[in-house]
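If you look up TrEMBL, you'll see Thr7, Asn8, Asn9, Glu10, Asn11, Lys12, Ser69, Phe148, Gly149, Tyr150, Asp151, Lys171, His176, Arg177 marked as substrate binding site. Taken from TrEMBL, the feature Mg(2+) binding site covers Asp68. Summarising the annotation, TrEMBL assigns active site, proton acceptor to Asp68.
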Amino acid sequence: MKLVFATNNENKIKEIRSMLGDTFEIITLQEAGIDIDIPEPHDTLEENAREKSVTIHNMTQQNCFSEDSGLEILALNGAPGVYSARYAGEHKSSEDNIDKALSEMKGKTDRRAQFRTVISLILENKEYQFEGICTGTLLTERRGGKGFGYDPIFVPDGSDLTFAEMDMAGKNVFSHRAKAFQQLIAFLKTH
Ligand code: ITT
C-alpha cells in the first residue's frame with residue numbers, strides 16, 4: 001500500500017521511514033510534486049492534523065496521512081502545545097523556541113512535560129485519528145546534538161538521556177511519534 005505523507009518536515013519523514021518495515025510505502029509531498037505550505041490554522045493538534053491530511057487528499061485524491069505534534073509543559077498550562085513550531089514567533093528557529101521554553105520555565109520546580117502526536121489518516125475517503133504521548137522532564141539546559149526541535153531539553157520517562165542524545169532507534173523506543181505510528185500500523189494491518 002502507498003500513502004502520501006502530508007508533511008514538509010524532513011525530520012518527521014526520517015523518523016517515520018525508520019519505523020516503516022514492509023507495512024506500506026510513503027510518498028513524500030516532494031515525490032508527489034506538491035509544493036505548498038500546509039495550513040495549520042486551528043487551536044488543537046487534532047484539527048490541524050485533519051486540515052493537513054484533508055488538504056493533501058483534496059489535491060492528490062490518494063490515501064494519505066499527516067501528523068501534528070507539540071510539546072505540552074505542565075507548569076505552563078500545556079504551552080507551547082499546538083504552537084510548538086512557532087513558540088518564539090513566525091519564522092524563528094528551533095533554537096529560539098528552546099530559549100523561550102527555558103526562559104518561561106526559569107525557577108519552576110515542576111518540570112514535567114509531554115510530547116503529543118496526533119496522526120490523521122485518510123483511507124478510502126474516511127478519516128481516522130491516532131494519538132501517541134510521551135511523558136518526561138524538561139532540563140534547564142540543552143544536552144545532545146541529534147534529533148530536532150525541543151529534543152535537546154526533553155528527557156523521556158524511563159531514560160536518563162535526552163532525545164537529542166539518542167539515535168533514532170533509541171528515540172523510537174519512547175517517542176510520541178513512534179507510539180502514534182504503531183497504532184496506525186496496527187490499524188492498517190486489519191484493513
Ligand atoms: P508539518 O509540515 O508536518 O506541519 P511542522 O514542523 O510544522 O511540520 P508541527 O506543526 O507538528 O510540524 O510542529 C511541531 C513542532 O513541535 C516542531 O516544529 C518541533 O519544534 C516540535 N516537535 C514535534 N515533534 C518533536 C520531536 O519529536 N522532538 C522535538 N520537537 C518536536
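Every residue gets a Cβ built from N, Cα and C, even glycine.
Neighbour list (Asp151 (substrate binding site), Cβ cut-off 8 Å, at least 6 residues apart, same chain): Gly144, Thr162, Phe163, Ala164, Lys171.
Proximity of Asn11 (substrate binding site) to non-local residues of its own chain (separation of 6 or more, Cβ distance below 8 Å) is seen for Gly147, Phe148, Gly149, given in sequence order. Largest Cα to Cα distance within the recorded substrate binders Thr7, Asn8, Asn9, Glu10, Asn11, Lys12, Ser69, Phe148, Gly149, Tyr150, Asp151, Lys171, His176, Arg177: about 21 Å as a whole number. The local packing around Asn9 (substrate binding site), expressed as other Cβ atoms within 10 Å of its Cβ over all shown chains, amounts to 15. Each of the binding-site residues Thr7, Ser69 was scored by the number of other CB atoms within 10 A of its CB, and the lowest score belongs to Thr7. In sequence order, Glu40, Leu45, Glu46, Asn48, Ala49, Lys52, Val82, Thr117, Val118, Ser120 make up the list of same-chain residues 6 or more apart from Asp68 (Mg(2+) binding site) whose Cβ falls under 8 Å from its Cβ. Taking the Cβ of Gly149 (substrate binding site) as centre and 10 Å as the limit, one finds 21 other Cβ atoms among all the protein chains shown.
With a cut-off of 8 Å between CB atoms and residues at least 6 apart in sequence, the same chain places Ser69, Gln114, Phe115, Arg116, Thr117, Gly132, Ile133, Cys134 near His176 (substrate binding site), listed in sequence order.
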